Structure formats: structure tokens, C-alpha cells
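Below: the structure, in C-alpha cells.
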Amino acid sequence: MEDGYQNRTAFIKGAKDIAKEVKRQASKKVGRSVDRVTDEYSKRSYSRFEEDDDDEFPQQGSQDGGYYRGDSQAANDDDGGHSDSTEGHDEDDEIYEGEYQGIPRAESGKGSLAGGPGSVSAGAQQFRDIGVSEAERRKDQEELAQQYETILQECGHGKFQWTLYFVLGLALMADGVEIFVVGFVLPSAEKDMCLSEPNKSMLGLIVYFGMMVGAFLWGAMADRIGRRQSLLICLSINSVFSFFSSFVQGYSTFLFCRLLSGVGIGGSIPIVFSYYSEFLSQEKRGEHLSWLCMFWMIGGIYASAMAWAIIPHYGWSFQMGSAYQFHSWRVFVLVCAFPAVAAIAALSAMPESPRFYLENGKHDEGWMILKQVHDTNMRAKGHPEKVFSVTTIKTVKQMDELVDTGTDTPVWQRYRLKIVSLSHQIRNNILACFSPEYKRTTFMLMAVWFTMSFSYYGLTVWFPDMIKYIQRQEYDSRTKTFTKERVEHVTFNFTLENQVHRQGHYFNDKFLNLKMKSMVFEDSVFEECYFEDITSTHTFFRNCTFVASLFYNTDLFKYRFVDCKLVNSTFLHNKEGCILDFSDDFNNAYMIYFVNFLGTLAVLPGNIVSALLMDKIGRLRMLAGSSVISCVSCFFLMFGNSESGMIALLCLFGGISIASWNALDVITVELYPSDKRCTAFGFLNALCKLAAVLGISIFQSFVGITKAVPIIFAAGALAAGSFLATKLPETRGQVLQ
């Protein structure tokens, strides 16, 4: 008996030594988080041998001889729960006690830690573990997708989804407003800030660059920190910098604020569609995501109406000296921030996506939100007695990424490590979109998004520019020309507009409180003339001579005098900055605001048709069919030779193409799993904005030169996009991955 006891004691000591050696080697790789796990299993090995020794004297508290299970529970109780490194894992994933003796699990195929013919190298074993974990994760995601669809069916579609619909609609409305803001304020801002042509072009494109960065950044963040939190952050950035941009005076500062405003709002589209889709059941998803697209149209209508109501009213302005001016277009910029502010306030009362919680192993949080959805809908339908029957929901196995910073690590270093870890996770998520499983889908969607965006944004900007060009041609046709006139002792105190004066002679004339618009003086002489309180637009003096003339409180700056001679002439108290043109802004407002209002309103029929038919004919038929019809409609542009004709064609093209955009949004949401959905959508939306910049730049360069090239480009891009769309998989009737 004594010899047996000594043998067992020696065996127990040997097991402890092996456990300590395993602990030492493992600590080098994963750090202190392994200590607790190894100590626990050291206890388990010891207790196994003690159990053999004490078979004749059972321990109290072990009712069925399960001392191992009781010890494990006690260890967990002492530690206060699982360690960070094992959180979210099942018992099957824990360290097998036989591994201390080099015995592999039957299901895992692990070899001896000590080496030998059956051993597997540490690197190969690590890759194998990762592969097994990812396979288990994919299996969990498939099971969760099926169960989640069943739960949404039980929750029903009702008050909760409609409330969320209007809340997220405000966020989408803010995105629509952002697209139109710069285009509406540009005619006034270019005068207020003295913008040159290159600066005007940069101001028009800067928002797209910002939205491109924002879509990529916030889309990726939403898959890591949550849909609701990411959307609140990006809307807050948009509203703050929209507010600042309405007050800043300098061009560079205004440009910077609009850039950051675009970065903020760029994340709204990928997050909004992903967020809303995770509250919709299979038979409702296509229809209600299409209804949600209507808020982008409402945003365009809101921007057009506010611009028309505010910008032409120059009485709604104030100034402090000549250094600070707050004109009506700045009031319009301020008003355009209201949808984003309203969306922030409303979104604060809404919960996070339960699908996001379940994908990240947070069962209780996801269950509580789904119960909230169920109870809200049942109460609204008059069935408050119905109980949420789901008790357990499948959660997805988590891939542990340990970052042990310790308690003594400086705060800044902790945040740096967290940011580095988050960046690494985002990078992996983006690369996963190009994995063999999703590579073909991603490249096909990239081509469709690029071709549609290139043609749509290029043409929608080309239309107003062509209307301006037609109006300019008509305006120039009414220009009056005066040659070799001689004017003496005359006072001009009325508006001079759209005139060309050549080889004239003006002696002792007075130009008082005068507005000059599109006036050109060539090879003329001004002798002893007096200019006071002059406001000019597109007015130039070329090769003229000024003798003993006085300029007082005018905006006739040096760049307006081209190859001119100034003899004994004086400039006093010149106006600072550029002066807004007050004369014919009603006509400009009609051309800019009303045309955009009609073009935006014209997409209403397309929105309604796509929403009603999306779940009936399928996403691919809607996408490809609408793209083909849009391609055919491009050739009607050849017949747009008048202002009214171009407006009608703009409305036609917008009304047809919106259906393909709605279908593309829906199919993009449904083709990617929940943990990659926002990342993929954000990446594709960023590519969309890049294509928009290219389309706008290329199409604008052909205004006034030829119609054929823009039409061929747009039609060719749409034809290619419709063909590639047919190669995508149909997602109608499938559960949300």
C-alpha cells in the first residue's frame, strides 16, 4: 500500500513538472492570459490522479464521482468566469487534459508536444487551428442566418420597423442634401470668395472625395464597432463641419470644412442599408429597402426648395465691416445641416442591430433587442399578450485576438494598441472581400458600381451645364455692339448689360451707382471720367486708356484691366473681396434650383415601381432591365437642342435609372455576410464616388464641343453594366447571410 502511494506521488509530481514546462513554453507565445488556463488544467491533472488514489474514500460534494467537473467549476468560480482568451469558446475548444501526456484528441489529430513521428510543427498546428476555427465560424453563421430569419418572422413587420425606417431615412436624406449643397451655393460663393475657375472645379469635386474616404472608413468601422455607433459618429462629423462651413470666410477653410463634412456623411449609405436590412425578414427586404431609397430623393427636393427659398433673398444677411460677410447662401448651408442633426437625435433612441451583437458573441444583448422588436410590434397590432418564445439564439464563434496591455501601461499606449488592433481587423475584413469565396462577386459588383456611377453622375452634372451653355448662347445672341461712339458730359446711373463698346471716346462722363454686367470696352479712351460705387460682373476693359480719371468705392480690380494704360488716374477706397450679383438671380435660381427640383422629383415613379416589383421580378431583372432602358434613353439626348428639351430628358433619364440604383443597393446588401456587409458596401460606395469624379470631369470637358462623346461614354458604360449585372447571383428568396 505504501509503495503504491509513493508511486502515485511520484507520478503526480512528474505530471506537475510537465504542466509547468508547458506553461513556460506557452507563456512565451501568448503572455499572461495563458497562465490562468494552464493553472486550471494543472489542477485538473492533479485532481485526476488524486481521484484514482481516493477511490476508496470519495470526496464530499462529489455526488457521481465527477470530481473533474466540480473542480473545473470551482476554478471558474474562483477566477470570476472565463478568461479573456477563452471567452466565447465552447468546452470542446478548451485544452484537452491528455495533451499533458502527449495524447492527441481523437477528433483533432494533434501530435505529441514532445515531437516524434506523430508530431505536428507549431506553425502548421496554428494554421490548422485557424482553419478549423473559421470553418466552425462559417457553420455558426449559417445556423444563425436560418434561425435569425425564423425569429424575424415571429417578430413580424410593424411599428418598430416603420419607426426605424423614418429614423434611417433622415440619415439618407442628409446624404442626398450633401450632394446638392455645393452645386447650389457655387454661383454665389464664387463671387463672395473671388473663386477662379480651377478653384470652382475643386469646390465642386471636394465633396465627392470626402464621401469616398468616408464610405470606405465608416463602412469598415461599422463591422467592428457597430452600425448604430458608427452612424452616430459619421452624422455628428457631418453636422459639425456643415455648421462651421456656413461661417468661415476663406476659400481654403470652407473647402476643408466641406471635405470633412463629406467624410462624415460618406458612411451613411453603406451603414443605413446594412442596418435596416438586419431588421427585415426575407419577404419584406427588397420592397422596404427600395422604399428607403425615396429619402435620398426627398433630400434632393429639400435642398432644391430651401435653395430657391433662401439664396435669392439677399436681405437675409449681415456683415461686420468688409472683413466678415454672412450672405443668404450661408444661411442655406446652415439649414442643410438640419436633417443630419434630426437623424442624430432620433437615432439616439434606437437600438443596435441584434444581428451585429449575435455575430460578435453577445447573446443577451441581441436577444433583448429582438424581444423589444417583437413586443413593440405585437402591442401595436393589438396582441400584447403574445410572448416572445425564443429562449436561446445561436451566436458565432469568436476569433480571439489578445491584446494584453497590463495595468502599468500608459493610457496613450493602450489607445495606440487598440487602434492598431482595430486597423488590423479592418484590413483583414477588407481582404476577406477578395478571398476566393467572394472574389468573383466583389469584382463583378465593382464593375457594375463603377459603370453606373460613371454614367449617372457624369450625365446628371452634364445636363445642367448643357442648359447653361444653351442659355449662354441665347444670351450672347442678344449682345449689342457699339463702335466709334463719342460720349461727353453724360451721367450713367442705370444698369449697363450685355454690351460691347469698341473704339469709343468718353470725356468728362460720370458713372454713378452703376451695375455693369457682361460689359466689354475695347480700344477705348476715358478722359477725366469719374467712377463711383460700381458693381460689376463679367466686365472687362481691353487695351483701353484712362487719363485723369478717378475710381471711388468700386470693384474694378486690376484683373479687369487687360493691357490698359492708366495716366494720372487714382483708385480710392476700393471694395474688398468679391461682390454678389443681385440683378438677375431669379432667373439663375429658376435655372439651377427649379431644374434640379424637377430632376429629383422625376425619380418618384421609378422609386415606386422598383419598390413594388423588387420582390416579384427579382433584383437582377430589375437591375439589368433598368440599365438597358437607361442606355437606350441616352440616345434621345441628341435631340435636346433647347432648354425645355434638356429638362425633359433629364427627368426621363433620372426616372428610369433610379430603379437600377435601388436594385444594386439591395443586391449588394444581400451578397455579403453580416460581418463583412458594411465593409464591402462601403468599399463599393467609395469606388462609386471615384467613378463620379471621373465622370463629372470627363463629361464637363465636352460641354459646348460635342454631344456625341458624352452620349457614347454613358451608353457604353450602361450597356457594360447591364451585361455584367446578369452574371451576378440572384438573391431573391434567400435568407440574409
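Even glycines carry a Cβ here, placed using N, Cα and C.
Summarising the annotation, TrEMBL assigns compositional bias 'Basic and acidic residues' to 32-49 (among others).
Annotation source TrEMBL lists compositional bias 'Basic and acidic residues' at 79-88 (among others).
The domain 'Major facilitator superfamily (MFS) profile' annotation in TrEMBL covers 164-732.
Taken from TrEMBL, the feature region 'Disordered' covers 22-92.
Per TrEMBL, the feature transmembrane segment maps to 162-189 (among others).
Residues 178-179, 181-183, 186, 189, 195, 230-231, 233-234, 251, 254-255, 258-267, 269-271, 678-683, 685-686, 688-690, 692-693, 696-697 of the same chain lie 6 or more positions beyond the ends of the transmembrane segment (201-219) yet place their CB under 8 Å from a CB of it. The transmembrane segment annotation in TrEMBL covers 201-219 (among others).
What TrEMBL lists as transmembrane segment is 231-252 (among others).
According to TrEMBL, the transmembrane segment annotation covers 258-277 (among others).
Here TrEMBL flags 289-311 (among others) as transmembrane segment.
TrEMBL lists 331-350 (among others) with the feature transmembrane segment. Within its own chain, the transmembrane segment (331-350) has Cβ neighbours under 8 Å at 163-164, 166-168, 170-171, 173-174, 177-178, 181, 184-185, 228, 231-232, 235-236, 238-239, 242-243, 245-246, 265, 299, 302-303, 306-307, 310-311, 316-317, counting only residues six or more beyond its boundaries.
Marked as transmembrane segment by TrEMBL: 443-463 (among others).
Below 8 angstroms of C-beta separation, residues 180, 183-184, 187, 287-288, 290-291, 293-294, 297, 300-301, 303-305, 307-308, 311, 460, 463-464, 467-468, 471, 622, 626, 647, 650-652, 654-659, 662-663 of the same chain, each at least six residues beyond the ends of the transmembrane segment (590-613), sit close to that stretch. The transmembrane segment annotation in TrEMBL covers 590-613 (among others).
Residues annotated as transmembrane segment in TrEMBL: 620-640 (among others).
Under 8 Å from some Cβ of the transmembrane segment (646-668) lie the Cβ atoms of residues 269, 273, 285-286, 289-290, 293, 297, 445, 448-449, 452, 456, 459-460, 463, 466-467, 470, 595, 598-607, 609-611, 614, 619-620, 622-623, 625-627, 629-630, 633-634, 636-637, 639-640, 680-681, 684, 725, 728, 731, all in the same chain and six or more residues away from its ends. For 646-668 (among others), the entry in TrEMBL reads transmembrane segment.
Sequence-distant contacts of the transmembrane segment (680-702) (same chain, at least 6 residues past either end, Cβ-Cβ under 8 Å): 204-205, 208-209, 211-213, 215-220, 222, 266-267, 269-271, 273-274, 430, 433, 438, 442, 445-446, 449-459, 461-462, 465, 668-669, 671-672, 709-710, 713-714. If you look up TrEMBL, you'll see 680-702 (among others) marked as transmembrane segment.
With a threshold of 8 Å between CB atoms, the same-chain residues lying at least 6 positions outside the transmembrane segment (708-726) that come near it are 444, 447-448, 451-452, 454-455, 458-459, 462, 620, 623-625, 627-628, 630-631, 634-635, 637-638, 664, 698-699, 702. The feature transmembrane segment is assigned by TrEMBL to 708-726 (among others).
With a cut-off of 8 Å between Cβ atoms, the residues of this chain six or more beyond the transmembrane segment (258-277) that come close are 164-165, 168, 171-172, 174-175, 178, 181-182, 203, 206-219, 221-222, 227-228, 230-231, 234-242, 245, 285, 288-289, 292, 340, 353, 665-666, 668-670, 677-678, 681-682, 685-686, 689, 736. Sequence-distant neighbours of the transmembrane segment (289-311) (same chain, 6+ residues past either end, Cβ-Cβ under 8 Å): 165, 168-170, 172-177, 179-181, 184-185, 188, 272-273, 276-277, 280, 328-329, 331-332, 335-336, 339, 585, 589, 592-594, 596-597, 599-601, 603-604, 607, 610-611, 614, 658, 661-662, 665-666, 669.
Sequence-remote contacts of a segment are chain residues at least 6 beyond its ends whose Cβ falls under 8 Å from one of its Cβ atoms, and for the transmembrane segment (231-252) they are 171, 174, 178, 181, 193-195, 199, 203, 214, 218, 221-222, 258, 260-268, 271-272, 275, 323-326, 330-331, 333-334, 336-337, 340-341, 343-344, 347-348.
Taking Cβ pairs closer than 8 Å, the transmembrane segment (443-463) reaches residues 595, 599, 623, 627, 630, 634, 646, 649-650, 653-654, 657, 660-661, 664, 668, 671, 680, 684-685, 687-692, 694-696, 698-700, 702-703, 710, 713-715, 717-718, 720-721, 724-725, 727-728 in its own chain, all 6 or more past its ends.
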